Each structure stands twice: as C-alpha cells, then as structure tokens.
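Q: Take this structure, written in structure tokens, and hold onto it; I'll ask about it next.
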C-alpha cells in the first residue's frame, strides 16, 4: 500500500512538469506552421529554379518539422492516462515516431544525393539571386522559430533539441545564401550541387544518431545517457543495502526511463526501515533520470535458493 502512495505522489510531480510544457507546446505549434509553410515555398522554388541546394535545404527543414511534431506529440501523449490495455500509456510511440522520422529522412537523403551528384557532374544554370533570397527568408523563419523556444530550452530535452535544430538550420540556410551570391556573380553552377551535398551530409550525420538512438530504445537497450554500473554502485553504497541484482533499465519514451531490480537489504532492518530504504533508493534514482522504479525486496536466503533453481 505504501508503494502505491509513492507512485501517486510521483505522478503528481510529473503533471506539474507537463503543465510547464504547455506554454512550450504553443511554441511548437507556431514553429510547425511557420516551418511547414516555408518548406512548401522553398521546395517549390527549388523545383522551379532547378536548385538542388534549395531542395536539400527544404529536406533539412522538413526533418525539423518532423522533429517539432514529434516533440509536440511527446507533450500530448504524456498527458494521456494509461488504460487497461496500455498500462504504460502511449509514451513509447515517441520512440516509434523518432524511428520513422529517421527512416524517412535517410530515404530522402539517398534520392537527393543522386540528383545532387548529377548537378555536380553536369551543372546547369541556377538563378543564384533567387536562391539567396529564398534561403535568406529561411534564416528569418528559423531564427524566429528558435527564439520561440529560447526561454524553454533548458527545461526539457525535446524543447532543447528543437531549439538547437532550428539554430543549426539557420546556419545551413546562411550557407545557401553565400553559395547563391557567389553563383550570381561567378556562374560557378557546380556550387549548387556541392552545397546540396554538404547539407545532405549534415542531415545524414544527425539522422544517423537519431536512427541508432531510436533503434536502441526500440530494442529496450539501456538509454545512452544512463550508466548501469554507476547506478549499481550508488545503490550498493547506501546504508542498509546488502546487494542488488536482476537490474533492468529501459526507456518508456524519448524522455522517461524505467528500472526494475531485486534488492537484498540488511537482515537487521525492521520492516518499516526496509520500506524507507526503498523510498531512499527511488529518490536517488531520480538523479539518474529514472522516473519509474519497481524494487522487489528479498532475503539473501531466497536469493540463493533462486540462483540454485536457475542453475538446474
């Protein structure tokens, strides 16, 4: 019963965090609308102008729109109550969305790379001035969107990700502006393909880590920012702990982690002291970014019997 209360108090703590994210979710909606509109304009101008750099930059911006939608989805899903069928709620769909986002981006990188190489080998005229103007608008859109997230950027991982993405986008657009201006005056049309390939490399590097990260989480691997050995050491060093084993750590979503473990407390502890110990451990785990912990207590005697059983 005592455990039950702990979970509820924690649930309350989490809801407070979500309400703080509410004002950030307005920033996400504005950011999504602004950037989506710009992607459409930039892609249309890229097609009309036969500019691979604009099309690749539009692809880069589209990746950001996807990550903004993903983050907004994470906020929305965090509010949905678990049901009898989905006892963890729907938080894990954020991992699925991240994986889908990565796959779509990698496919687009492949298609755009092929076209960019063709443009590099056999350059055709591109209106550099138009290219610079369109990318210049992109700088304004990206900086404007990044500014929306500025005050929230240190509070939450997804918001920080969105802020950094948009700032990086503004720099990429700046590169396209410079290439456009150079092409306008020098007619070095191969620069269009070269700029495009540079942008695609940026997308590839960021998407690769997104793909690997989301694949790891899909396979219930220990999240990259969590060190299992450090957690084990921290718990074993606590007074009242004899040993800890059968520890499992996995991601419930892109922002929340869970842990289960078997704990052998000192035999001298009373029942109430053992309950207090579990509370202390759960509190300590919060510092390791583990929000949901289930700890089963057992005596060293039952643990030995269990081990003997498993060896048969």
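Glycine residues also receive a Cβ, built from the backbone N, Cα and C atoms like all the rest.
The model shown is predicted, which means the values in this text are computed figures rather than measured ones.
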Q: According to TrEMBL, which listed range is transmembrane segment: 131-150, 231-250?
A: 131-150
Q: Pick from 43-60, 61-78: which stretch is listed in TrEMBL under transmembrane segment?
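A: Spelled out, TrEMBL records transmembrane segment over residues 61-78, not the other listed ranges.
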Q: Average the per-residue pLDDT over the domain 'Cation efflux protein cytoplasmic' (224-299) and send me the rounded value.
A: 92
Q: With pairs closer than 6 in sequence left out, are the transmembrane segment (90-111) and the transmembrane segment (162-182) joined by 3 or more CB pairs under 8 Å?
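A: Judged by the Cβ rule, the two regions do not touch, with the required three close pairs absent.
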Q: Cβ under 8 Å, sequence separation of at least 6 from the ends of the transmembrane segment (90-111): give me the contacting residues as numbers and ranges.
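A: Sequence-distant neighbours of the transmembrane segment (90-111): 59, 62-63, 66-67, 69-70, 73-74, 77-78, 80, 200, 203-204, 207, 210-211, 213-215, 217-218, 251-256.
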Q: Quick one: DSSP breakdown of the domain 'Cation efflux protein cytoplasmic' (224-299) into helix, strand and coil?
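A: Summed by class, the stretch gives 25 helix, 26 strand, 25 coil.
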